[in-house]
Structure formats: C-alpha cells, structure tokens
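Colleague: Annotations per TrEMBL:
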{"type": "COMPBIAS", "residues": "1-14", "note": "compositional bias 'Low complexity'"}
{"type": "REGION", "residues": "1-24", "note": "region 'Disordered'"}
{"type": "REGION", "residues": "47-66", "note": "region 'Disordered'"}
Amino acid sequence: MAAPSGPEAAAAPGRRQPFGSRFLTDPSRLFQHNAWDNVEWSEEQEASARNKVQENSRQLVPQDKQDEYELNANEYWNDFYKIHENGFFKDRHWLFTEFPELAPNQNLSQPEASAYKDGSTRKPINTGLGSCENGLCSLETRTQEHHQLDSMKDGNNIINRLDADGEAILKLGDLKLSDGDFPGSSATYRILEVGCGAGNTVFPILQTNNDPGLFVYCCDFSSTAVDLVQTNAEYDSSRCFAFVHDLCKDQSPYPMPEESLDIVILIFVLSALLPEKMQRVMNRLSRLLKPGGMILLRDYGRYDLAQLRFKKGRCLSDNFYVRGDGTRVYFFTQDELDALFTTAGLEKVQNLVDRRLQVNRGKQVTMHRVWIQCKYRKPFPTGHKENGHIH
C-alpha cells in the first residue's frame with residue numbers, strides 16, 4: 001500500500017499524523033488499557049482472517065431475500081432508530097482531531113504529531129485514528145424542550161419545517177437553487193453530513209464550530225433518524241437543515257446547488273450501500289463540492305472484527321453482509337476507496353488504515369478492529385491561483 005501523499009505527509013516526513021498514540025511495546029501491559037493503536041498483524045493472523053471470510057462467504061443469501069433487503073432498506077433503518085434512538089452511538093468529538101476541517105478557524109487542542117514507536121517511516125496501513133471505540137461514537141439523550149416540528153414526506157421523501165404558526169416555510173421541491181433560493185445560501189462555510197443518524201456528528205460540529213458563517217446540512221435515509229435530529233433541543237434551523245434523502249436515487253433532491261459545499265462527511269455510511277451503487281453516489285457528492293472542497297470518510301476496513309464474526313448465510317456478495325436487523329455492511333480496502341474517489345474526479349489527501357487492538361479487561365478478551373479514514377479534495381480548475389500557486 002502506498003505511503004501517505006499530499007501536504008500532510010510532505011510537512012512531516014518520517015512522522016505519523018496526530019491520531020492515536022498509545023502503543024503496545026510491552027506485551028505484559030496488554031490489559032492495562034482499553035485500546036492500543038498501530039497494532040501489527042502477523043502473517044498468521046492475516047491468513048486466519050482471510051480463511052474466516054472465505055468460510056463465512058461460502059453460503060450466500062438467496063437472491064429473492066437480497067432483493068427484499070434492498071427494497072425495504074429504509075424500513076430496516078427506521079426500525080433501528082426507533083429501537084436505539086440516540087442512545088446507540090457515542091459522541092464524536094474525536095472528529096475534530098481526525099478532521100480539523102470541520103472547525104478550521106477554532107483554536108482546538110491538537111496533539112503534537114509523533115514518530116512511529118520505532119522511529120521508522122511506515123506505510124499508512126498501521127496509522128491510528130483517535131479514540132472512538134468500536135467505530136461507533138454518541139450524543140447523550142437531551143431532555144430539554146423540543147422545537148415544534150412537523151415532518152411531511154412526499155414521494156421524494158421531502159421534509160418541510162414548520163414555523164411556530166404551523167405554516168410550511170421550506171420545501172426542497174420548491175427551491176430555485178440557480179436563483180440562490182436555498183437554506184444556507186448566505187453562509188461562507190457549508191458542511192454536509194451524509195447519513196446523519198440521530199445527529200451524533202452534526203451537534204458536536206454546531207457546538208464546536210462557532211464560525212458565524214457556518215451552515216450544516218445533514219441527511220439520512222431514515223425519516224425516524226431525521227425526526228430525532230429535528231426534535232433535538234440543540235437543533236437550530238438558522239445554522240442547520242436536516243432532511244430525508246435517498247443517496248441511491250438520482251432524482252432525490254439536495255437542498256443546495258452543485259459546487260456549493262466546502263465539506264462532505266461520511267462516517268460509517270458508504271458501507272451500508274449496495275456496492276454497485278457506490279460510484280454513482282460518490283460522483284454526485286463530488287459535484288456538490290466547491291473546487292478545493294473535501295470529502296471526509298471513515299468506514300469499515302477489510303477483516304475488521306465485525307466481518308470475521310458473521311456466520312455462514314449472512315453474506316450477500318464478496319465482503320458485503322446483512323446483519324440480523326436487516327441493515328447491511330461492506331468492508332473496504334484502501335484501493336477500493338481510492339478508486340471510488342479518483343473516478344469521481346477527486347485527489348487524494350489522506351487514505352489511512354487503523355488496525356486497533358481493543359481490550360475487554362474484565363473478560364481478558366482482545367478484539368482487532370480495522371477502520372479506514374480518507375480525505376479527498378476536488379481539484380481547482382487549471383490556471384486557478386490559490387495561496388500564490390497556479391494550479
């Protein structure tokens with residue numbers, strides 16, 4: 001796998017990025033902490049993982065059941081959020097260490113970049129990614145008074161927000177994007193979170209980034225999830241717009257025009273899509289970015305513990321599985337993600353793998369997690385001058 005490229009790698013040759021920094025140098029200390037970063041895999045461990053995947057992939061889910069999972073995908077996610085609401089995930093405040101682009105003008109405390117534990121320059125496969133356990137991070141349940149909202153959905157899953165008098169004040173289908181008639185049109189920094197769930201990324205962004213020019217859009221396939229965001233006491237329609245959106249439907253509208261976004265963020269979202277639809281989704285998200293804008297991603301990597309735990313009969317296709325609740329998950333390689341981004345016309349800034357060793361100290365059990373983190377930028381047009389440099 002290729003070493004990191006782009007300005008970050010050039011700025012600190014021989015030094016890792018400021019992600020996780022807890023290294024297991026003494027095996028006798030294994031159970032002294034809950035997690036260890038940059039954990040090397042032996043050839044035997046890699047072979048064992050490969051064999052487990054081959055074994056649990058031998059029996060595929062019948063095609064009629066696969067079609068049902070695709071057709072009813074929104075129902076499975078609605079059921080998920082009805083059961084878990086906003087109690088399933090943990091707060092994602094680690095995002096501002098991993099993705100400072102979400103609050104670029106804030107004086108955030110950033111850990112100093114440190115060298116690899118042996119002082120060497122390594123390929124990014126062993127780069128740590130912060131402190132989020134299990135790849136799932138959450139907002140505690142809010143008990144304050146909720147905003148008055150009404151969710152109205154037409155055939156395109158369009159959400160209307162109502163004012164205090166119950167009058168509809170915005171409908172996606174009525175927006176004239178070319179005329180600048182869209183939420184956040186006066187903002188100077190726009191972020192879109194795709195797959196927002198209960199707001200576990202959106203609300204930390206709104207709490208941390210106090211830029212008056214900030215506007216955050218967030219969407220989810222699940223209307224139940226969007227309702228949870230809109231009825232959260234932290235939801236502020238002057239700074240945020242939440243809407244239901246089906247990533248896989250080209251006709252499903254966005255509330256902003258193309259080339260208007262500075263950041264698009266996907267946290268454990270792309271992996272939930274049918275693999276053959278991922279490229280079209282990435283192409284469309286790329287068109288929403290301004291030149292110089294970035295897509296930030298974190299998702300499941302190949303041979304993650306979750307993949308190895310699947311039993312036979314849960315595999316849909318290569319490295320794509322269905323969980324017991326009907327939701328689906330794909331496990332990526334770096335090269336697969338790089339191909340999706342670059343085919344969409346984006347340039348690599350970061351593409352890293354975190355192999356993390358998590359520890360249950362009470363049960364004396366170890367768990368190997370594999371996650372991938374990416375940043376890809378939309379290039380400036382040829383001849384554009386940025387920071388004194390001609391592109």
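Any Cβ shown, glycine's included, is placed from N, Cα and C.
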Colleague: Taking DSSP states H, G and I as helix and E and B as strand, how many residues of the region 'Disordered' (47-66) are helix, strand and coil?
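Modeller: Its residues fall into 14 helix, 1 strand, 5 coil.
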Colleague: Same-chain Cβ contacts of the region 'Disordered' (47-66) under 8 Å, 6 or more residues past its ends?
Modeller: 41, 303, 307-308, 310-319, 322
